[in-house]
Amino acid sequence: MAPITDENPQYGGEGAIPPSKRRFSASESLDRLQTTHPVISPQPLTLDIRSIPTTSAQRCQASNLTSSRDQDVCLPEKIALQEDAGQGLPETYGEETVLYLAYGSNMAAQTFLGMRGIKPISKIPVLVPELYLTFDLPGIPYAEPCFAGTNYRDPDSLPDQSSESEYDTEEDISLVTESEFLSEKVPLIQTKSQRSTDSQQKWNKPLVGVVYEVTLKDYAKIIATEGGGRGYRDVVVDCFPFAEGYLSTNPVPYHPSTQAFKAHTLLSPAADDARKRTQAAKTGETSITSTRSCAVSSSFGDVGAHMRPDPEYAQPSARYLGLLIKGTEEHDLPVSYREYLSQVQPYQINTTRQKIGKWVFLVSWGPAILMTLQLSKRFAGPDGRSPQWVISAANLLFAGMWNSYDYFFKRVFGDGERTIGDTQAM
């Protein structure tokens, strides 16, 4: 097989499956489940995440070079094809690095360093105006209804820098969904009276996250456990470091004034269509770089379950939401963003019928899910990437599981995605 190069035609061009045709990969959901409910013990944390050095300005700006791997939108597919051919990554790649944007549970040391076993070379907190946080990755009804993702938005849609509000009002629902609204039921940071006052507010500023500098081999491990290049779409986005001297208690700017650099991250499936609509409506280049399609490396790539009918409906579990909050604390991210996350309404079971439904559902589907998790670990390659037959089996399993929920469990036992009584805004 040819080495990883931009000239190799097998990674794009005619015959490549358009990214918009790709479907949800259950391997992403299995990865999140492994994070929150590990079937094996995580690796001990031998590195304090606070001791990781800050990424240098020189390394950040090197990502803006067109020849940089940080701008290669087909990098995951190239790595996946190398692994499919049984070649693995050349030893010389061990010293090469790539920048990766984390916004969900990967911000937490427990997940990124412990469960994934990644050893970042450096890190830097960032703002990403063109992305916003979503909870649209399907999980398991009644237990882990959904996990975090991101979606695209036009940075020009953000308010003027002069606006003092950290939040939007109820009338503007274009950026964040009701599943991210604040609730007085979450006893985390703010007091009950404060949460009640702010209960119809939502974050309207740039996505807050952490960019890790990792070796190319560690990046291969990341995309392996994030779906092996077959789940959410890898894109290159503009990231803005916080200004020098910025304190976590300071307001978060709508439009960062620092110099942007490039980093890889994952977008929700619907984000690609939103990005294309924005590009079609505007002239000039967009800050999301995706000018060519990348091939799916397996004939099984299109075998999978679709996303949920309403990807904005489900609420994350308190356990999973806690990982996000812990990550923001470990990196000393803005206090206002921590408060926002602490007020996101987690899924809660509040009826006996739901409790019974959870027990019956987990007894019915739990063994198959656990077996799939174990198969994923048992047959994973050296980089942690599961073989495609395991991913395809997981896709079929999740399709059957969610169909049984939609047509039986929800009707008999009640809602397993959203807290009863927490009505979504129309």
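All positions are counted from 1 along the displayed chain.
Cβ from N, Cα, C; glycine included.
TrEMBL does not curate its annotations; it predicts them automatically.
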Site co-member for substrate according to TrEMBL, given Tyr100, Leu101, Ala102, Tyr103, Gly104, Ser105, out of Tyr254, Tyr313, Tyr320: Tyr320
Please find, within the list 1-30, 61-90, 271-300, 331-360, the residue stretch that TrEMBL describes as region 'Disordered'. 1-30
Sorted by position, what residues of the same chain at least six away from Gly104 (substrate binding site) have a C-beta under 8 A from it? Leu133, Phe147, Ala148, Gly149, Leu323, Leu324, Gly327
Based on DSSP, name the secondary structure state of Tyr320 (substrate binding site): helix, strand or coil. helix
Around the Cβ of Tyr320 (substrate binding site), other Cβ atoms within 10 Å, all chains included, total 24
Could you list the residues of the same chain, at least six apart in sequence, whose Cβ is under 8 A from the Cβ of Tyr100 (substrate binding site)? Val211, Tyr212, Glu213, Val214, Tyr219, Ile222, Ala263, His264, Thr265
Three states by DSSP: which one describes Gly104 (substrate binding site)? coil
